[in-house]
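Student: Handing you a structure now.
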């Protein structure tokens, strides 16, 4: 086996032994000739089998990134890097979806913004002792375009600091 790149070592560190074994089993099913690589065509099938759902565009972009030598094939280490990337993307998408749901709940009047009254309600609902000054400070810090309310992008930025 060729020496691992930093990316490949990172990918292995991110995954449990069980996951690596599961990915290897799926990979091997499509490595028909046992040569240690699969064609880019088979890649989508393998990823779907492992619960990933890349679009055609995502697949093309992934393949372009991963198939550095342009051989049209991907070896197992390249495959691991790609799967980890995809898993992280999916996780990011999920947390953004959860935050969108929170935003909708916090945006009581459904105008697409969280105003200072709504922000105050949210903070008081946590049970923490919150002063008007605390609420105003958070609004000031979060309201990047200074329109007196928090839009969804500002909310995402605000929540990045929380997680």
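Backbone N, Cα and C atoms are what each Cβ position is placed from, and that goes for glycine too.
Swiss-Prot feature annotations, pasted as is:
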- 31, 33, 37, 42: Ca(2+) 1 binding site (BINDING)
- 67, 69, 71, 73, 78: Ca(2+) 2 binding site (BINDING)
- 107, 109, 111, 118: Ca(2+) 3 binding site (BINDING)
- 143, 145, 147, 149, 154: Ca(2+) 4 binding site (BINDING)
- 18-53: domain 'EF-hand 1' (DOMAIN)
- 54-89: domain 'EF-hand 2' (DOMAIN)
- 94-129: domain 'EF-hand 3' (DOMAIN)
- 130-163: domain 'EF-hand 4' (DOMAIN)
- 2: blocked amino end (Ala) (MOD_RES)
Student: Just counting, how many other CB atoms are there within 10 A of the CB of residue 73 (Ca(2+) 2 binding site)?
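Tutor: By my count, 18.
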Student: Among the binding-site residues listed here, 67, 78, 111, which has the most company in the form of other Cβ atoms within 10 Å of its Cβ?
Tutor: 78
Student: Hey, of the binding-site residues listed (31, 118, 147), which one tops the CB count within 10 A?
Tutor: 31
Student: Give the helix, strand or coil assignment DSSP yields for residue 31 (Ca(2+) 1 binding site).
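Tutor: In three-state terms, residue 31 (Ca(2+) 1 binding site) counts as coil.
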Student: Across all the protein chains here, work out how many other Cβ atoms are within 10 Å of the Cβ of residue 143 (Ca(2+) 4 binding site).
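Tutor: That number is 20.
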Student: Distance between residue 143 (Ca(2+) 4 binding site) and residue 31 (Ca(2+) 1 binding site) at the Cα atoms, whole Å?
Tutor: 53
Student: Using DSSP, how many residues of the domain 'EF-hand 3' (94-129) fall into helix, strand and coil, respectively?
Tutor: 23 helix, 2 strand, 11 coil
